[in-house]
Each structure stands twice: as structure tokens, then as C-alpha cells.
Amino acid sequence: MAIKTARSTVGWQQNSAAHYKAPTSRRRVCTFWLAGKCNRNPCRFSHDASLPGNIYHRAAKQSSHMAEDFPGRKGPESSPVNSASSTSGERSESSTNNNPLKPQEKLCNFWITGNCVKGDACPFLHSWFHGVDFAMLAKLEGPKKGVSGIALPSGSTKLYSGSKDGTARIWDCHTGQCDQVINLGGEVGCFTCEGPWVFVGLPNTVKAYNIQNGASYNISGPVGQVHALEVANDMLFAGAQDGTILVWKGGSEADPFQMAAPLRGHTKGVVSLTVGRDRLYSGSIDRTIRVWDLHTLECVQELVGHTDVVMSLLCWDQYLISCSLDATIKVWGVATEGGSLEVGFTHHEDHVCCLLFFLSFFSLVWIRVFCG
């Protein structure tokens, strides 16, 4: 007890009752509220985010227990020794950050559970995405083997994933919890979605699920594992292990998937598909890329340049971008009057196993997956 008393009096003996100054009418901002942790109601400090920025800087410089327990007193930083450094520090901070801290940087726990009643008036985030950079929101665990595909249907609050352990899982996007595990009876090779449909590539078959009415179909025809799926022009394309690309067109309500034609040309398995500019592009284990006309379903060009498996393809504006296990990314562009594609740029990535491309906010992004 004596130790505590000594500590509480050191440095504060000059602050007698005659020297004590009452708190000003302008209240300090609650630092706990800024961090989203204030549980006092009522709280003696302000919960107003519209106060000038220098109030936040001054409150942040003092320890939390001084700001809370001695609102009218001046801490050691206000002494003549520290006045110059504190003034310059405040100026530098205000010059680099003119906006006060905002509690909107914290997620609303009530919104996560679907129970927030404040709507737009809530001071906390009602969105999983904030800022311009990527950050991990959650780690979804459950599959016993590698995840081979994911799908997020437009307008759905569920994420669908497939694994090489032969299961598909349905995740709640708000809670990150797994709502359902489906045993598919075979290794999942790929996943894709279009409208209300979710398609799963399996050995010798493609499973189709309609998430609106609950209908499901087994689409037969592929030989071996289905490695790639793509939907375009009301057609479903499936790249199979035997090198064939199977095409189904929309049919009747009773039979919504009718075989159109098999596309043959690759000598080994088709592992990547993409669509753009009225063309279907396919990448294969045979190290080639084939270009197919979407109207005639005929091969119009074969692209040779990679020295290993073509793992991923992307159409970006007038360009085709490919990546391969040969550790290169190639950009193909139209170089002839007939519309044929030729390599315009090759980028090398050491120790890269595969690269997956996607388009985000009109800019190209690639994810690197490195070999061990």
C-alpha cells in the first residue's frame, strides 16, 4: 500500500487545490470509444467523431489512465521540457493526418450476426471489405485435402468449395461457419458458377446444382477427371482428362443440359478454359493453347510457346494471358489482319508452381503459388 501511495504522489505534489484547474467545457474524446471498446454508459468523455483532429492527437499522447482519471490536470508532457517536442509532434501529425480517427474501421459485431438495428446510422462497418489493400478476413478450415475450387454465386451469401477429399462445403459468408458438408463420392477437379447454377467437375461426370429451386443433375459424358469448367453463350464447357472439351447447350426444363459437340484436338488433358472476344481458349497438359470459335465450335488456331503445362488462362481486353509450369507468363495479342494471336511479351517467375489470374477493379492481378 505504501508503494502505491508513493507512486501516486510523485510528480503531482505541486498540483494542490489552489493550482488545480477545472475541466474545460470542451470535453476530450474517449480513447476507448475510438478503439470501439468503451463500455461506459453514460461516459464522461465525448463520443463525437466530428471534433477537431488536434483533440484526438492530444488525447492519444497521454496515457489512457491519466486521460480518464485526471481530465482537468496536465500530464508530464505539458511541462516546459516537453513542450517543444510535443508541439512539433502535433504539427507533424496534423500535417500527415488531417482527418480524425474514425470508429468505422471496426466491424459491427451486431451486423455480423444480422442483428444491427442502426442501419446507416451505425458508426461501425457493415461490410467485410474496407480500404484498397487485401487483408485476411477469416481462415476456413475443414477439408482434409487440397481445395480444388471455390464458387460465390452472384447475390448469394454462401460460398461453395470443393476438395480433393471428395466433399463440397457450403460456408456462411457472414459468420465464416460451414453450414453443410456434401459427400460427392469422387475427387473434385474444379468449381464454377453461373447465375443460380453451381457446377462441380468430378471423375467422368459434372454435377449441376440450382441453388434457387434445389434441383440437381448428373451430366455424363466426360472421360476421366474434369479439370476445367466454363460457361458462355448459354453453353457449358468441360475440359476432361482425355483431352476432349465437352459442350452442352441449354435444353428443356426436364433436361436443361443437352450435348452439343465434343471439341477434339488436344492430345492430353485440358486443365484450363476461358472465354473472350467470341472465342473459347483451352490450355492443356500437352503444352499448347487452342482457340475455338464460339459460333462454329471449330478450332481456328493453335498457340505454341510454353514448354510445360498451361495451368491458367485469362482474356483481358484484346489480350490473352497464359501461365504455365514452365515458370512463364505470356501475353498474346492480335498481330495479323486475320486475327491470329502471337506472343507479345513473356515474363519469367522463378520457382512458380502456378499462377491464377483475375480481374479486379479494371486492373490485372495475379496470385503466385510457389513450389516448396
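Cβ atoms are placed via backbone N, Cα and C, with glycine included.
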In TrEMBL, one of 24-50, 159-185 is tagged zinc finger. Which stretch would that be?
24-50
If TrEMBL is the reference, give me the range from 102-129, 214-241, 298-325 marked as zinc finger.
102-129
Let me spell it out: take the repeat 'WD' (263-302), skip the flanking residues so only those 6+ beyond its ends count, and list any with a Cβ under 8 Å from a Cβ in it.
224-225, 227-230, 232-233, 235, 237, 239-247, 308-315, 318, 320, 322, 324, 332, 340-341
